[in-house]
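Listed features, source TrEMBL:
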- B:37-56: transmembrane segment (TRANSMEM)
- B:81-101: transmembrane segment (TRANSMEM)
- B:113-139: transmembrane segment (TRANSMEM)
- B:159-181: transmembrane segment (TRANSMEM)
- B:221-240: transmembrane segment (TRANSMEM)
- B:260-280: transmembrane segment (TRANSMEM)
- B:301-321: transmembrane segment (TRANSMEM)
- B:341-360: transmembrane segment (TRANSMEM)
- B:367-392: transmembrane segment (TRANSMEM)
- B:412-433: transmembrane segment (TRANSMEM)
- B:458-484: region 'Disordered' (REGION)
Amino acid sequence: MTKRFALGIFEDEDVLLHAVENVREAGVKIYEVFTPFPIHGIDDAMGIERSRLPIAAFFFGLTGLSFALWMQIYMLGFDWPMIIGGKPHIALPAFIPVSFELTVLFCCHGMVITFYTISKLYPRWKTPVLDVRSTDDKFVMAIEVNENTDMTKLTQILRDNGASEVNQKEMSKF
Amino acid sequence: MQHVSPVREPLVTGGKTYHDVTQDVCRQVEAAPNIRWMAALSVALLLLGVFFYSVYRTLWYGIGEWGLNKTIGWAWDITNFVWWVGIGHAGTLISAVLLLFRQKWRTSINRAAEAMTIFAVICAAMFPVLHMGRPWLAFYVFPLQNTLGSLWANFNSPLLWDVFAISTYFSVSLVFWYTGLVPDFATIRDRAKGPIAKVAYSLLSMGWKGSAKHWSRYETVSLILAGVSTPLVLSVHTIVSMDFATSVVPGWHTTIFPPYFVAGAIFSGFAMVLTLMLITRVVFKLEDYITIEHIALMNKIMMVTGSIVGVAYITEFFIAWYSQVEFESYAFINRATGPYWWAYAMMMTCNVITPQLVWFRRVRYSIPLTFILSIIVNIGMWFERFVIIVTSLHRDYLPSSWAMFSPTIIDVGIYVGTIGLFFTLFLLFAKFFPVINMAEVKAVLKYTVDNGPTYTGHDPHHVTHPATTHGVPASAPVNYDKHD
């Protein structure tokens, strides 16, 4: 399905930040903002909810910890108990290092895999972008438009809020 | 909005714009390899050849090719292992600990330092695996059931903890580094001209477009990874030190080892970061990003950790006397005055005296002196591990089994070979990957400009013009007031 976008190009992140607030106040729905680096405060301006990835990370870590403890206690305590160094079969202090490492391992990889999955980031042969300068030095505000959109008014709003250019682009797959 | 300090030294000099950052970092990636890079790579590949030959000798003829004997069962191999792992720690310190402390100067060095971590850990891992003698049985270290029975791995053993620590550390560092690289690969992808580069960087960039939502998640992920990597890096060298500390060998059996090893790791790691950065900034013309201030700051960290190491050496000596354990006291007297006194003297000079020179501002801000210091520290830290391992083992409880260690050419070959392996990987990284984190540097660019643009009101007609002052990053003219 082909989508049509109006692109407001901004030169500075502070101008963009306030433009996002003003454009949203003017009742225009912003499709997405593309920037070369993270801008602090844009989450609030765009109304992006706080990511729940930390919660996911916590539970992945908990899984790792439980798995590590289960593995060590089962293997050395029940499946094949052996006396090593005159210590009890289930010598918990000696299990701390491996438990910690597996907590970290599960936490990190679980969170990162979740991040790539929910963000739909995976290797692609070709990556279509709305404006190639958005990974270099321009801040691009994309607004989805159709035949009924009043482009003159939209252009004026973007220009008034500091856009240095207003372009249009059609994307077949985006 | 960020507070811009008028007294703070700029993090990036030369009044760079966002586009300049992209240009300066991508130049190396896009240009054809230059003659200096090719010359360096040839030397590294030659050393890599030495590595492969030495590994072949070790595997074909066995561990007897090394200089180990029945008294000294651990020598250069474990020395090199600890040395390389220690070097790796500075990368994680820069990317994780300094991120948590909000040290923004880290942005221009973290990419290369993290790469150094990964390559150093690869080099480190070679030694325990080769010391196994039969590396194809390396899977025995994992808790898999013994093929003949149902015997599991021994979780009470620090050597097994090491397996978990090093593999977790390596994989987490790799993921951390790669996630940071994704936005920069996207930048290169969008600039790429050649068909191969386009496809390669498109694949590497995972379809990153820099949307606000993705950046928000990206920052969360970075923060959590940093938060988790910080205790991880401390745990790794703690566990490495426990390989020694949990034994009963005099000179190893000390509770001071974990913090002492961690400080030593950061010390040697920063020395290696300095060595690499001082070369990289000149070869790739990145003096505006890796400034003299960066070098001075890294020197300070080197001085602090070096002093901690110095205090640890003295504490060890004091405790050896204070414990009144005969064997313990002898181990330390033997270290300083025995047949390996020269190794001890090297360690003390390089690690205790050298970093104290950094107290002088002139030394801290001098590039040639810093370079020499960093090399000396690298040498000193290698000797520290050699002293701890070999001098403790060569004379323990039973005088009839006292012995000396002398390395064979294969020992030397493997060590020199891993340096070749390290530099081969680093040079390939430096050519094909962005050596500076462009996105993060752009994000702190304004922080550095003394009169950065200030946007005060919500009314666009009262915007302070962002492009009027000197050195303002976003200096491309903003033409919205034409519509007024």
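Including glycine, each Cβ sits where the backbone N, Cα and C put it.
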(request) Would you confirm whether the transmembrane segment (B:113-139) and the transmembrane segment (B:341-360) meet the contact rule of 3 or more C-beta pairs below 8 angstroms, pairs 6 or more apart in sequence? (result) no
(message) I'm a bit unsure how to read this: which one of B:37-56, B:159-181, B:260-280 has the highest number of Cβ pairs shorter than 8 Å with the transmembrane segment (B:412-433)?
(response) B:37-56
(request) For the transmembrane segment (B:367-392), could you work out the same-chain residues 6 or more beyond its ends whose Cβ comes under 8 Å from its Cβ atoms? (result) 72, 74-76, 78-80, 82-83, 86-87, 244, 249-252, 264, 267-268, 271-272, 274-275, 278, 292, 295, 299, 302, 306, 309, 331, 334-335, 338, 340, 343-344, 346-347, 349-351, 354-355, 357-358, 405
(message) Applying the under-8 angstroms CB criterion, which one of B:221-240, B:260-280, B:341-360 scores highest with the transmembrane segment (B:81-101)?
(response) B:260-280
(request) Counting only CB pairs under 8 A, let me know which of B:37-56, B:260-280, B:341-360 has the most with the transmembrane segment (B:221-240). (result) B:260-280
(message) Using a Cβ cut-off under 8 Å, which residues of the same chain at least 6 positions beyond either end of the transmembrane segment (B:260-280) come close to it?
(response) 82-83, 85-91, 93-94, 109, 112-113, 116, 120, 234, 237-238, 240-241, 286, 290, 294-295, 298-299, 301-302, 305-306, 308-309, 312, 316, 351, 355, 367, 370-371, 373-375, 377-378, 381, 384, 426, 430, 435
(request) Would you kindly list the residues that approach the transmembrane segment (B:341-360) from elsewhere in its chain, counting only those six or more residues past its ends and only Cβ-Cβ distances under 8 Å? (result) 264, 267, 299-300, 302-303, 306-307, 309-310, 313, 335, 369, 373, 376-377, 379-381, 383-384, 386-387, 390-391
